[in-house]
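**Student:** Sharing a structure with you now.
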Amino acid sequence: MLQFFENFSSAFKLRGSLFVFLLPLVVFLGDARIQRAPISGDEISETYNKYYNYNELTERLQQLARRYPSIANLSSVGQSVEGRELWVMRVTVDPDKDTPGKPKFKYVGNMHGDETVSRQVLVYLVEYLLAQYGEDPRVTALVNTTDIYIMPSMNPDGFERSKEGDCPGDNGGRNNARHKDLNRSFPDQYDGTTEDADSVPEVMAVIRWIQEKKFVLSGNLHGGTVVASYPFDDSAKHQRQGFYSQSADDALFRYLALVYSQNHPVMKTGKPNCPEDTSETFEDGITNGAHWYDVPGGMQDYNYIHGNCLEITMELSCCKHPHSNELRKEWDLNRESLLAYMEKVHIGVRGFVRDAISGAPLSSVSIVVAGIRHNLTTAKYGDYYRLLLPGTYNITAVAAGHLSKTIRNVQVIEGEATELNFTLAPLVDKSVMNVSVDTTSMPARAHQQNTTVKPSISSPTEPVLPEENKSHAPVHPPVHQPQEFRHHNYADMELFLRKYSSEFPSITHLHSIGRSVENRELFVMVISDNPSVHEHGEPEFKYVGNMHGNEVVGRELLLNLIEYLCLNYGTDPEVTELVNNTRIHIMPSMNPDGYEVAREGDVQGYKGRNNSNNFDLNRNFPDQFVNITEPRQPETIAVMNWLKMVPFVLSANLHGGSLVVNYPFDDDTDGNSHYSKSPDDAVFQQVSRAYSQENPLMHEGHPCKDLYSEDFFQDGITNGAQWYSVPGGMQDWNYVNTNCFEVTIELSCIKYPMARELPQYWEQNHRGLLQFIHQVHTGVKGTVSDIGDGSGIPNATISVEGIKHNVTTAHAGDYWRLLVPGTYSVTASAHGYKPVTILATVSKDRAEIVDFRLTRLYQDGNGQTPSGPYPTQNPSEKELQSLIKELSLGQGLEQLVSSSATDSSFRYRSSRDLSAFLRGLTLNFPKITFLHSLGQSVEFRTIWALEISNKPTEAEPSEPKIRFVAGIHGNAPVGTEMLLEFAAFLCINYGKNPANHITKLINSTRILIVPSVNPDGREQAVEKQCTSAQGKTNANGKDLDTDFFGNASQRVVEPQPETKSMMNFIMNNKFTLSVALDGGSLVVTYPYDKPVQTVENEGTLKYLASVYASNHPKMHLGDTACSNNVQMGSVPDGVMRAAERQSHMGSMKDFSMDFGNCPEITVYTGCCLFPPADQLATLWAENKKALLSMLVEVHKGVRGVVRDKKGKPIVGAIIVINGGMRVYSTEGGYFHALLAPGSHNVEAVADGYQQKHQKAVVSSYEAARFILFEFDVDNTIFGLEREFVVASAAASMTALVVTAFIIWCVCAAKSSRQKDGFHRLRQHREDYDDEIRLASMGSKKSLLANEFQDESESDEETLYANKI
């Protein structure tokens, strides 16, 4: 075709007159070619039975690139000696763009031209990735998240000379066309450059490619044996064989090589059995390169030393150029290894490095890992990817012209990479560089072997810093002081905050935690080098101002502080250090409504003190000593929710009206003014003095002499209750209910001073504000991690001997515990782990790092702790466990809610509309929904159940099954609308992208939603009736929640049709959990509704209810009083036993427990039974997260399989939990029981088998622990060994036979005398028969009488007697 166009061009130059005639022909031919090419490419399928020469390879790759343009791009990185292109296929989403955030991976094949298997295998890999994208979730995820480059042939010239069937490579082709071995031609770390660039253009092209792309991980595919080889490939002495040349990342390289070898059926044996050397073996199928044989100038070492990239070499086949009929086998052997190895590009640590002032990405920044003498650098977008094994690391970012930053105790876990972003502050004089690495004292001595007080993979050596960065201290400019001193009303304050958020985006994050009564935002400005997320090991600090609206100095000082921190970051060392190492949250005004009505010049007044509902916010928090009866205010609720979401360590609440630092406790049981000492009294005094001593007037202790002449505070600090009692205060609530230590700072004698006086308040207080932030870096801090996999343990308890106040770890296992100087015994404990105690010595000005590594209380079926690893899991199980953990910790569930929003239009639906809505879901989402009819109501309305699952028509007994029910009372239809919206929410968000959490939850759960149990009652109910009973009952006037089995007064009454439908539904499905929605209160109840003395497994039932309440923004606060019903007062955590709310018999909840073996909680969504429709959107927003939390919770507890030794599942085995609660194994032998966090005894019992026992530890954030019960046949009879019983029985039978024989002999000897006896017996036979008949008639009469005997037990009582 090329020759045709060349001839045509020549002809065109000679005969222009032919142009008009030939042009249509050319266009026609060209169009035909263009139209046929994709079709031809589509029709060609891989045969796996031939080698592609250069032209065929080129055509094949071009066809694939044309066919998959959205994920494939073909390019050349250079040419060989003979001018052949070095083709590279790039496979990723948007392959024409360079998207930051995706690590770059490469495979290079056919470096030695006669080692040909790699060339074909990589072509097959390209086709496999392209064809399976969108079909195979694994491939789709890999292509979506990875920038993949595949070079099938680095030496196309050599391949053309190689001969098929040449196994040892005798026919040439190994080297390039200038006879150079390309794998001996790269610059060597010991010998430098040894080859002329012109002789190895292939090597030069690849070097340029490596330097440009900043690859993260690579594989170099060869042939000649079967093994994975890792760096270094040579050593300084160049010993031919047997010298192990270890790199700084030796353990990581071994792991990566094992990933490839252990997924290759032949390689993993370590015995390639190659004809050239049948005795050659490699342990685990891997080897250090130099230990195998010395290879100077190798490509894998160049990648590691000069290219930012970790590369290993894979030898794929004994025969270098096998016959083509072997290719399919080689592809099958290597496919899984190729994919598994690629996936490892996503382990370790990844992130971005940006400039602190401009936010611009910083390239060529050195990423230094303490203890590993090998650095890498960031790419052009500031992104980096540092592959690491699981563990704890100290990582430093070093850039010329910037202050370096070290982040300590970075947790790397197995699986996806830990995200770690750096923001580096620039120096004024960029010719100098200050390397600032965090320092800590030497570790305290532990008295537990598995405990450390330093990072587990840290080293006493300093990080490896680039020589050019080692310089002098920086030159710092003068400190910028705030310039804006005025009173800021709400609008002015909002603009101020938005201004600084916009001007300093890299260190600020402005958000609102809620709204005031009058709908003003409660703004919080976060200032840190990575302000939008919690960084592992970095403490959270907060200032709250203007809680009393007319006490305004704190409000203005916090705005000044925001300005000061932003303007001085990167130039002032103190500010830069604080911002880099602390996440500082500043709320200038907690009471913006009160501020708007307060007036300048107010000295001692109260106007504006309270919120718009006229409640004092500092008397509105739950109190440990006093019952606060006032309704919880929206400002209070917002702050409480905020504190539950962020692991704050230290805080100050800024007030006015005096000049003193006030510390807990603020009140006591008797309400009088006297010292109320907290367990951490010494710490509170220390942090209080840290502030007061920076304010001379405060420290003097005689403030406000003109106003309060009698006040005296030693050192300017006071215990709150000793000053005066404050029940319901915020500082005490912080300390008692969270990890946060809070004090109250009174900043001014005058509550609302004149604006001209504001500069003097800044002058008096700005040093104290900074010094108080420093206090968050005292005491002890560290990480509590699992000794097995290195993952952080959330919610672990940190206790200090002698101090009766514990703190808990954050979601990544990091903690902070404020302490005064001294030596302490510190213990870390967690559910399912052995506690560990160490001694730690605390100094004055810094926090001691005390890390804990805990060992699981994991036991096997014999109750023994195994020495080996935990049971292995398949990838889908690991993915589910990772998902459950992610959604159970931190902001995982909150992020899922915010990222899965749907457009909603709320209204109340009639029964007909409800049916149409459900049918619409099944029509629009047929693959994941199925609509079941459970029965009909009295008035013949259908009771529907919508099933949502990835396989709704197939039985999947291994998956947990959850039931959502609403509308049992027709006059409370909010639950119905919530469940309809919930169903739509799940369906709409299913399958949006491969990583969608909703998709994963649906794929692993069977969800059944019954939106309306009582459709007849719903038709009778009236909107906006908060207390009306109209519609509560069904059409027969029956309250359905009193009609389920269990009520003695109903034993002879036929159940209502709605009840019967639900009873059958409950009994015929093995549900794991049920959630029922009702109305009229704001609380969650757990079984039982009937009055019982004790509730079996109450801890678990209460825990399940608390999970829902804790994910509801109001319910968990416990302020659930409703004036329109029986629920009055505060309910702790928003959870109560159902019978305590309103005891009654025959409830659906009790039936589900007793006969369905399924725990059910009832959620009362609000005080009003039938609120206006315009409130539904708010109610949905309040309940969405909580409903999703139940989908997560149903995957926890314990689950497992019961089977016999032959692997046969045992159905109907009884699983006894803690000696009481029972569940049964179902189809496939599966069982699942939800349990509260903690340690539980689990027993399995089945007829004919020996009883089995295990101990299971349940976590609040981990997926269900899997338990396998393998039964042995029960070899005991009456408690004795079967063999003994059988032997004894045989002996007894023998004795009986012998005895019978002796008796027979005796009887035979007396036979003559016996004849006379028989003769007399016959004479009386008729009399004997009469006696027999009479006896028989009497027996039948007795049985007949018993047949009609009245029994006291009814069917229902019999059912209860046999209940579980």
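Just so it is clear, glycine is given a Cβ too, placed from its N, Cα and C backbone atoms.
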**Student:** Region 'Disordered' per TrEMBL sits at which of 446-475, 866-895?
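**Tutor:** Checking TrEMBL against the ranges 446-475, 866-895, the region 'Disordered' one is 446-475.
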**Student:** Between the Cα atoms of Glu746 (active site, proton donor/acceptor) and Glu315 (active site, proton donor/acceptor), find the distance and write it as a whole number of Å.
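**Tutor:** Just about 73 Å between their Cα atoms.
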**Student:** Sequence gap of 6 or more, C-beta under 8 Å: which same-chain residues meet both conditions with respect to Glu315 (active site, proton donor/acceptor)?
**Tutor:** His222, Gly223, Gly224, Thr225, Val226, Val227, Ala228, Ser229
**Student:** Which whole-number mean pLDDT does the model give the domain 'Peptidase M14' (50-345)?
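**Tutor:** In the predicted model, the domain 'Peptidase M14' (50-345) has a mean pLDDT of 94.
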**Student:** Including all protein chains displayed, how many Cβ atoms other than that of Glu746 (active site, proton donor/acceptor) lie within 10 Å of its Cβ?
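**Tutor:** Around the Cβ of Glu746 (active site, proton donor/acceptor), 25 other Cβ atoms lie within 10 Å.
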